[in-house]
C-alpha cells in the first residue's frame, strides 16, 4: 500500500513524497536537492509521521540528464579557450575570464534544468576547500610586512650579498630554497620569506626577475614535494594508500633527475646573468639597508622558530601567528617609540619603505593583508568554478576515457599525469589535482599490476608541482602576487615543475624505477 501527496510547507519547494512499505520516496523537480531532503527527513520525523529516517531520492529525469562525454568535453574546451585567450592573447588578469566562464557554466546548468540551490551549493562546496589556504595567505601578507619592518628580510639580503657569489647566484637560490623547503615542508612559506629576500638580491644584481622567480619557486616546490612535513606529500601518499616514507623514497626516481637537470640549467643561465654594471648598485643597496634597518644575526630567530614549529608539526596558522607576534616584539625592541597604530596599519596595508633609494623602496614596499586581496579574489573565483565543474560532473565525465582502454604501464602513467594536469588547468586547486586522479586511476593501476607507490608518485608529478604554472591556480596566483612576477613570465624558468612529469612519463615507458605489485596481488 502506498500513500502519496504534494508538500510545500516543509521545504518551501514542491516535491512529491510517496510512502511505500515504510520508506519515503521523494520526487522533486530540483537536481540533487540535498537541503530539501534533509528538511523533509527532519520534518517528517519531528511530525511523528514515521519512525524511519530512510529516504530515497528520486531526481526528476526530465529536468536533469546525466552529462555525456561529448558535451563535457565541449564545455571544457570552450572554457579553456576563453581563459587561454583572455590571459595569454589579450593579457587580461585571470579574474575576468574566470568570471565569464562561471557565468557560462551557470547558464549551461540552468538550461539543462539545474536549480539555483544546486548552483549555489556547488559554489559553496568549492570555496569550502580553500578557506584555510585563504586565511593562511592573509597571515602571510601580514608576516611579510612585519618581517621587513623588523629587519628580518633586509638582514637576509645583506647576509646573502656577502655569502653568495654573483656568478653562482641563480643555482644557489635553487639549492637554498630546496634545502630549507625540505626542512619546513611549505613552498608558500619559502616563497614569501626567504624567497622575497633572494628575489631582492637577484634583481639588485641585474638578473632577470623571471629567472630568479623560477629558481625560487622550483626550489620551494622540490622542498615541498620531498618533505615528510608537507601537506601535499602526505595527501598523495594517503590517496594512493602508500607508506609516506616509502613514497618519498620512490619520488626520487623522477625528482632527482629533474633536480639535477634544473640545477645545471640554472647554472648555465645564471653564469652571466649578473652584470658588472650592477656591482656598484649592490654596494649602494648594502649601505642603504644598513642605514635604514637593524641588520643583525638575531634576524635569524624567526627562521629558527619556523624550523622548530615544522619539526613539532605545529599547524601553519599557529606557526604564522607566532612568527607575526615575534616580529612585532622585535619591532618594539628595535623601535621602542613606534606607535601600535602604525604597526596595525602596516599589517593591514603593508610596509612602505622610505629609504630615499628608489630601487630599495620598490623592493621592500610590500606585504600587508590588503596586498593579498587580489590573490584571494582569484582563488575564490577559481574555487567557485571548480565547485561548479565538480557539482555537475564535468570533470569526472571527462576523465572517464583516460581510465579506459589503456594498454601498458607507460600509457597508464601518462594518462594519470595528463589527468592531474587537466584538473590543475580546469579547477585550479592543488589538492583536487591529487584527489580526483588518485580516485579515478586507483583501480586502473591495480589492474595493470602497478603498485600504490607508482600511483602516489604520478599524483605528485602531475598534480602537486603543476599548480604553480597555472595563472588562475591557487599556487600560481600566490607565487605571482608574492614575488611580483606574472605566472606566464616565470613559467619557462620553473624547470623543476616542467621536468618532473617528463621524467615520470619516461619512467612509465622504460620501467625505470616503476614499482609493480607482487604477481599474486595484481588484479
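Note that Cβ sites are derived from N, Cα and C of the backbone, with glycine treated the same way.
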Where TrEMBL places transmembrane segment among the ranges 173-201, 202-230: 173-201
Stated TrEMBL location of transmembrane segment, expressed as one of 131-153, 315-337, 338-360: 131-153
Which listed span TrEMBL calls transmembrane segment, if the choices are 295-312, 439-456: 295-312
Dominant neighbour of the transmembrane segment (465-486) in 131-153, 295-312, 367-389, 409-427, by Cβ pairs under 8 Å: 367-389
Close approaches to the transmembrane segment (131-153) from elsewhere in its chain (Cβ under 8 angstroms; 6 or more beyond its ends): 188-189, 192-193, 196-197, 200, 293-296, 299, 302, 316-317, 320-321, 323-324, 327-328, 330-331, 334, 343, 346-347, 350-351, 353, 364, 366-372, 375-376, 379-380, 474, 478, 482
Cβ pairs under 8 Å between the transmembrane segment (256-275) and the transmembrane segment (493-514), at least three: yes
